[in-house]
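Look at TrEMBL and you will find Leu17, Glu22 tagged as substrate binding site. Residues or ranges marked as ATP binding site by TrEMBL: Arg107, Leu108, Gly109, Arg110, Gly111, Lys112, Gly113, Tyr114, Tyr115.
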Amino acid sequence: VIAHPKYQESKRIAIFLSMPDEVQTEEIIKDIFKQGKECFIPRYKPQSNHMDMLKLSSAEDISSLALTSWNILQPSDDDTAREEALAGGGLDLIFMPGLGFDKKGNRLGRGKGYYDTYLERCMKHPRGKPYTIALAFREQICESVPVTENDVPIDEILYEDS
């Protein structure tokens with residue numbers, strides 16, 4: 001991931017804080033800060049499909065985040081000091097989680113459409129849609145995953161042996 005040309009050229013990067021069953025992102029987050037890039041993480045709004053990407057100030061900043069009922073660390077609702085990526089300069093790159101992927105760039109998420117809705121909002125930003133890379137395990141690559149017209153394909157899927 002760290003050697004990837006899109007990662008190298010990106011300045012504003014959104015990345016998920018990994019759950020135990022996902023590709024672990026902690027070392028990537030540390031590298032984002034080490035290289036002086038800006039790091040944004042998701043804040044999901046419960047009972048909706050709305051998600052914002054909020055800026056982290058450092059890798060250590062993660063320890064100050066609240067744990068949601070889904071066991072995900074994220075900035076709390078009353079945390080209004082953080083920059084939202086689309087209110088600022090947009091994003092260059094989004095690392096995407098998922099449960100399954102196919103080689104056509106289709107992604108099976110957890111069913112709420114948070115990332116698809118967010119990418120729709122990105123397309124309306126003056127900077128346009130950021131490049132999207134899914135981080136996956138080889139076992140998550142399927143022949144095909146079910147999609148709807150609201151699903152936004154991913155630009156690239158990185159997995160072991162890809």
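Think of each number as a place in line: the chain as shown, counted from 1.
Yeah, the Cβs are placed from backbone N, Cα and C, and that goes for glycine too.
Counting only same-chain residues six or more apart in sequence, the Cβ atoms lying under 8 angstroms from the Cβ of Gly113 (ATP binding site) belong to Asn49, Asn150. For the binding-site residues Glu22, Arg107, Gly109, the largest tally of other C-beta atoms within 10 A is found at Arg107.
Note: the ATP site is recorded as Arg107, Leu108, Gly109, Arg110, Gly111, Lys112, Gly113, Tyr114, Tyr115; in the same chain, Gly98, Asp116 also have Cβ atoms within 8 Å of that site's Cβ centroid. The Cβ of Tyr115 (ATP binding site) has 25 other Cβ atoms within 10 Å, all protein chains considered. Every protein chain shown contributes to the tally, and the Cβ of Gly111 (ATP binding site) ends up with 8 other Cβ atoms within 10 Å.
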